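Student: Following this message is one structure expressed as structure tokens.
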């Protein structure tokens with residue numbers, strides 16, 4: 001009569017763990033040796049003055065619709081020598097540039113109607129290797145970040161006005177101030193001359209009245 005008991009010895013043999021491979025101590029050199037390569041981002045001579053996570057869109061005129069350019073970090077970078085500021089944004093995963101343009105004094109940024117976390121601006125962008133007039137829309141995770149971006153963008157645009165314009169504005173202000181001072185001096189002088197004339201006329205009148213009285 002056959003036994004119904006499982007064959008433990010047989011199963012134990014099958015379940016036994018394979019023996020560990022013996023370490024021979026041999027060392028195998030890698031086939032290809034990789035050397036560390038310094039990667040230039042083009043931002044080495046610039047200082048970041050703004051760095052915020054966001055999502056960027058551009059308006060497609062042909063399709064009459066907004067198209068996403070990428071999600072990543074938008075930066076405002078100020079050149080250490082020239083003082084010029086450019087806006088740069090790269091996609092977070094691929095690091096592909098999706099916006100790259102100077103912030104010019106003629107630029108303005110405004111809120112996106114109906115969304116207080118987004119704003120719009122026009123720029124001549126160079127992200128694709130050639131200048132293109134683009135209408136950008138950028139969206140942030142919070143209203144505070146959007147306001148920070150807009151404020152910094154406008155401050156940078158104002159600061160980029162040519163020094164000649166600022167100098168001319170200062171000269172014009174100085175000229176206006178000088179004219180105001182000169183006008184005041186002229187008015188004061190005219191007032192004094194008027195008082196002197198009135199005093200002289202009064203003295204002459206009193207003298208004539210006195211002579212008339214004495215003659216009678």
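Including glycine, each Cβ sits where the backbone N, Cα and C put it.
Note that TrEMBL annotation is computational and uncurated.
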Student: Pick from 99-157, 158-216: which stretch is listed in TrEMBL under region 'Disordered'?
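Tutor: Of the candidate stretches, TrEMBL labels 158-216 as region 'Disordered'.
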Student: Per DSSP, what is the residue tally for the domain 'RanBD1' (27-162) in helix, strand and coil?
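Tutor: The counts are 17 helix, 65 strand, 54 coil.
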